[in-house]
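Inspection log for the structure reproduced underneath, given as structure tokens.
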Amino acid sequence: IHMENASSVKEFILLGLSENQGVQKICFVMFLFFYTIIVAGNLLIIITVISSRRLNSPMYFFLCSLSFVDICYSSVTAPKMIADFLVKNKTISFAGCVAQLFGFHFFGCTEIFLLTAMAYDRYVAICRPLRYAGLMTRQACGRMVMGSWAGGFVHSAVQTLLTTQLPFCGPNKIDHYFCDVHPLLRLACTDTYAVGIVVAAGGMIALSCFFVLVVSYVVILVSLRSQTYEGRQKALSTCGSHITVVILFFGPCTFIYIRPSSSLLEDKSVAVFYTLITPMLNPLIYTLRNEEVKSAMRKLWSRKLGRE
């Protein structure tokens with residue numbers, strides 16, 4: 001109730017990516033295409049992993065979870081953004097804005113923790129192969145995934161609660177295509193310095209996980225020197241796809257949340273990268289570089305065709 005009192009603003013206007021009608025139409029087609037690929041590609045991975053008996057290692061359990069998070073994560077912002085390209089008044093209610101802010105940080109942070117868990121899985125597989133079965137049990141993997149979701153929830157709840165406690169008394173134009181912390185802090189009619197620090201601390205989560213990931217891959221690469229050529233190639237192909245995804249996701253993320261927000265135009269274009277491009281590339285990167293997934297997909301396909 002307190003929230004309603006402090007804020008006279010009942011809805012926000014999203015300025016979107018561009019004011020230009022022509023650009024908006026092109027964006028509509030392009031982003032609709034991206035979003036379709038995100039949902040279809042990630043669903044395909046989930047179905048393939050679930051229906052294939054061979055893809056039952058922890059790596060695929062994590063990949064399946066990652067695909068699910070990617071669908072949720074892009075669904076928080078993409079459908080609204082795509083629909084907004086076609087309308088003149090891009091409004092979002094106060095509650096809708098808060099829900100978007102929460103969902104975005106919840107799934108985004110969960111993805112960060114999942115990618116870190118996947119790095120640990122690769123580390124154990126390559127550097128501690130004899131202990132792999134003992135360390136990466138079903139329970140352990142389940143706990144890691146649950147922990148990722150819990151961590152994402154706590155992070156998001158803190159960010160959302162702090163932002164909603166701020167009074168908004170107009171203007172209500174958000175210079176972005178979805179509700180994120182930085183653009184909202186600019187609209188609050190009070191000093192947001194303290195909240196800004198907490199938001200930067202949220203960015204530190206990304207940075208510290210990124211640090212853990214980098215260290216784990218350095219250790220992996222160093223330990224590969226002692227392996228055979230074949231072993232090295234196989235390890236590098238699974239790690240290669242992982243490293244690619246990590247760089248694509250963490251690079252833009254850290255860029256936006258750690259530095260003081262300066263230009264929102266920059267923020268918007270970088271945000272497109274991690275809200276749409278990375279979730280779209282994830283399935284491609286993981287499947288194109290992975291023979292097991294490709295052959296499982298072929299089997300699944302031929303079974304489907306066989307039935308018909």
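The backbone N, Cα and C atoms fix where each Cβ goes, and this holds for glycine too.
What TrEMBL says about this protein:
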type	residues	note
DOMAIN	41-286	domain 'G-protein coupled receptors family 1 profile'
TRANSMEM	23-47	transmembrane segment
TRANSMEM	59-78	transmembrane segment
TRANSMEM	98-120	transmembrane segment
TRANSMEM	140-158	transmembrane segment
TRANSMEM	193-224	transmembrane segment
TRANSMEM	236-258	transmembrane segment
TRANSMEM	270-288	transmembrane segment
Counting Cβ pairs under 8 Å that sit 6 or more residues apart, are there three or more between the transmembrane segment (270-288) and the transmembrane segment (59-78)?
yes
Grab the same-chain neighbours of the transmembrane segment (140-158) for me: Cβ-Cβ under 8 Å, and only residues 6 or more beyond its ends, written as numbers and ranges.
58, 61-62, 65, 102-114, 116-117, 120-121, 198, 202, 205
Could you tell me what the rest of the chain brings near the transmembrane segment (236-258), counting residues at least six beyond its ends with Cβ under 8 Å?
59, 108, 111-112, 115, 118-119, 122, 126, 182, 199-200, 202-204, 206-207, 209-210, 213, 217, 220-221, 224, 267, 270-271, 273-274, 277-278, 281-282, 285-286, 288-290
Looking at the domain 'G-protein coupled receptors family 1 profile' (41-286) alone, can you tell me the average pLDDT?
85
